[in-house]
Ligand SMILES: [K+]
Ligand SMILES: [K+]
């Protein structure tokens with residue numbers, strides 16, 4: 001029996017990830033060279049991250065990971081990339097994100113695909129800096145795909161073993177080969193979707209439907225749509241573009257929050273697999289229900305005069321929040337309390353497992369609802385055995401318990417976070433209502449991005465106190481990697497025999 | 001195998017309960033006679049309920065109940081008593097509660113020990129009417145004690161079988177004898193505690209510490225303290241009385257939300273049982289933590305100048321909300337957003353199982369936390385089996401799953417309810433913020449009573465629209481009888497074979 005976690009193995013793999021960060025850093029560097037803006041932030045970060053990564057790789061030659069090492073590797077990877085990703089913001093030196101705590105928040109918001117920003121003045125930053133924000137999110141989306149399909153499903157985190165994956169074998173003893181195998185498959189699909197969105201957005205531009213759309217806009221928004229992450233170089237997010245662009249972005253958000261293994265199956269011609277997926281049907285149903293709900297409120301309250309605007313904004317915002325993208329087609333902060341509240345509830349949903357989405361996810365909610373219904377039946381029929389089925393397969397009682405536990409622990413952490421944000425804001429006289437505190441806590445923890453009030457879609461998280469900023473940075477980190485890895489490594493027994 | 005629920009058996013027992021309502025109705029009748037106010041509302045209700053009760057008893061001679069009949073009996077008992085209890089308010093004809101929907105709300109708020117009121121003008125009602133409100137709550141508290149210890153623990157609702165009861169045998173086939181046996185034991189203790197509180201309050205009065213306290217005040221407040229229910233004949237609740245009274249009420253709220261079986265054990269000299277109770281320790285710990293939290297906020301924000309006032313109001317309000325009593329020693333609606341938010345979170349806690357308290361309850365939260373901790377350990381030690389223990393006894397995995405499910409379904413119903421309240425208030429232009437809508441939904445569903453804004457402790461639920469009033473009446477009913485009975489009888493399969 002082993003006695004301790006082999007942390008060197010975890011850190012070694014983190015080193016490999018950091019070492020390769022020089023490749024994505026070439027993109028903002030290229031923009032900086034092209035625009036003639038400062039290249040120092042990116043050159044400096046490249047040097048630093050390669051040096052750090054190569055250094056960490058020297059810690060050990062061992063590469064075999066078990067559960068403990070995998071949890072540590074996952075937690076440290078997201079944390080260390082957030083630190084490295086903050087360097088360009090600090091080195092660039094402009095605006096609110098030059099301050100180190102803010103830079104870490106912005107970078108964590110990037111790599112966790114959250115999209116909450118502490119930028120106040122969008123004119124204070126170069127196009128290269130905005131490109132780096134978008135690249136961080138694109139990387140974060142790819143990272144989470146690999147994490148969800150290759151790592152978490154193997155570790156059985158929060159019922160993730162239920163997710164529809166290519167292979168149903170669980171062999172945690174050799175995680176590393178599986179990670180690279182799954183990654184290569186997914187990253188082609190991910191790249192393809194990104195390219196398709198760039199093509200669609202530029203097509204709209206050349207057809208005259210999107211005069212404001214530049215190639216730079218198309219690329220940065222494609223990076224942050226397919227990754228359901230939501231950073232935009234525009235202060236007004238997608239509201240800066242024409243209705244045609246807003247409509248065009250919706251399907252890419254929907255696809256970004258769909259299980260990539262299912263998308264892959266469809267591309268191979270296996271449409272049955274998608275049609276038989278209980279989770280996919282449930283995901284679309286929820287999108288429909290919330291859209292009708294918010295559309296109904298906007299219509300009854302005469303928020304917009306044109307039916308097209310009502311349909312567009314209700315669909316766009318519901319898809320944006322449920323898929324945890326966080327884009328805004330309009331300042332929903334100005335909506336009535338009923339509409340805002342419903343949008344707040346959307347934050348708890350999330351898209352499908354095996355996608356780039358965050359939050360609790362439709363798989364878990366569906367199993368929770370199915371298990372509830374079964375429990376009610378058994379309560380009045382105590383002698384009947386009735387298993388819970390998902391897409392025709394029986395869900396084990398252990399998995400149901402894991403999913404219950406995950407969903408509950410998510411809600412509990414959210415509640416504790418709201419207390420911190422509300423009390424701290426009240427103490428430091430930041431103008432935040434209780435609801436806005438809850439919205440900001442949910443939006444960071446569930447990696448949605450915008451919330452309400454000062455955290456609204458066209459506003460900035462900057463007014464929050466430094467301690468709140470740090471707590472929100474922590475929340476984004478914990479929420480993105482499905483909570484359990486962080487909680488596990490924070491458990492004292494983890495570090496003992 | 002039986003084919004259908006024997007609803008006649010359930011309704012017969014409901015008839016017996018209704019028949020005996022004439023006894024508690026004598027109390028307000030006596031007050032009306034003494035005061036010379038109208039006796040008609042009570043005489044009329046006595047005639048009606050005895051007639052209805054006797055009539056329902058004729059439905060069948062069968063008395064043996066199984067699971068299905070028990071669920072129906074529980075749900076119908078609370079619902080029918082609420083309807084009968086509303087009659088005196090309608091017949092009395094004064095103020096806002098003469099309107100039938102409001103009367104049903106007020107009566108349901110009584111029998112469910114919620115304490116939310118739609119009364120606007122406290123001078124518009126006789127002392128007899130206020131006595132009836134208090135009697136309803138006292139009855140509701142007694143009813144829930146019997147329900148929790150004799151019925152729900154037998155049905156295993158939401159892990160209730162874990163509760164510390166006198167007998168650990170589960171025999172649902174003969175529920176009726178157990179109900180009367182448990183009831184006779186509990187009702188003496190309940191009566192004793194009520195009498196003790198009357199004595200303490202009158203003692204304070206005669207010692208000069210409570211000049212405002214009359215015998216009528218002492219009785220009505222004792223009725224609504226030990227039942228953790230919170231209706232006061234005073235518009236200003238306990239804030240109408242001296243600090244000494246406020247301090248004196250606190251221990252009675254704490255005891256009212258303590259497992260009565262444990263109190264009974266202590267009275268028999270078995271103090272070890274209380275000391276060994278993990279749940280009791282957890283309950284006191286939570287009360288302490290929340291009091292320190294709110295006390296800290298009130299102190300930092302200079303809400304009160306005297307340390308005694310800070311200690312008193314923070315302890316009183318935390319105990320009042322956690323035990324789901326709902327009394328107010330001060331208008332906490334005027335507190336800062338941080339303090340209000342923390343008080344809002346207190347609504348989700350609840351006191352101990354086997355008490356008169358409502359909400360999710362400390363037993364469930366404790367099991368949830370213990371199971372989480374176990375799960376985290378197992379995540380990094382997948383080959384280790386580690387059961388969850390409560391007060392030394394192993395909690396089965398099925399029970400853990402039931403408790404997870406119950407806690408989650410509570411939070412889900414709460415979330416759905418908030419959407420309805422927020423959207424409906426927004427539509428009908430009732431001035432309610434998103435947070436106040438959530439507070440009102442939580443306070444009615446978890447049977448706390450007051451919330452924030454127009455539902456604040458010195459305010460009234462009257463401004464809510466009629467449909468919201470009806471939904472809140474439903475929420476109080478569902479929340480009070482531990483959700484499952486109502487959900488079970490609303491399941492179509494319940495009524496089939
Ligand atoms: K996002
Ligand atoms: K109450």
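Backbone N, Cα and C atoms are what each Cβ position is placed from, and that goes for glycine too.
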Query raised in the report: Which one of B:220-243, B:244-267 shows up in TrEMBL as transmembrane segment?
Result: B:244-267
Report task. Return yes if the transmembrane segment (B:71-91) and the transmembrane segment (B:474-495) have at least 3 CB pairs under 8 Å (sequence gap of 6 or more), otherwise no. Result -> yes
Query raised in the report: Hey, does the transmembrane segment (B:12-34) touch the transmembrane segment (B:310-330), meaning at least 3 C-beta pairs closer than 8 angstroms, sequence gap 6 or more?
Result: no
Report task. Find the member of B:184-207, B:279-298, B:342-367, B:474-495 that has more C-beta pairs under 8 Å to the transmembrane segment (B:435-454) than any other listed stretch. Result -> B:342-367
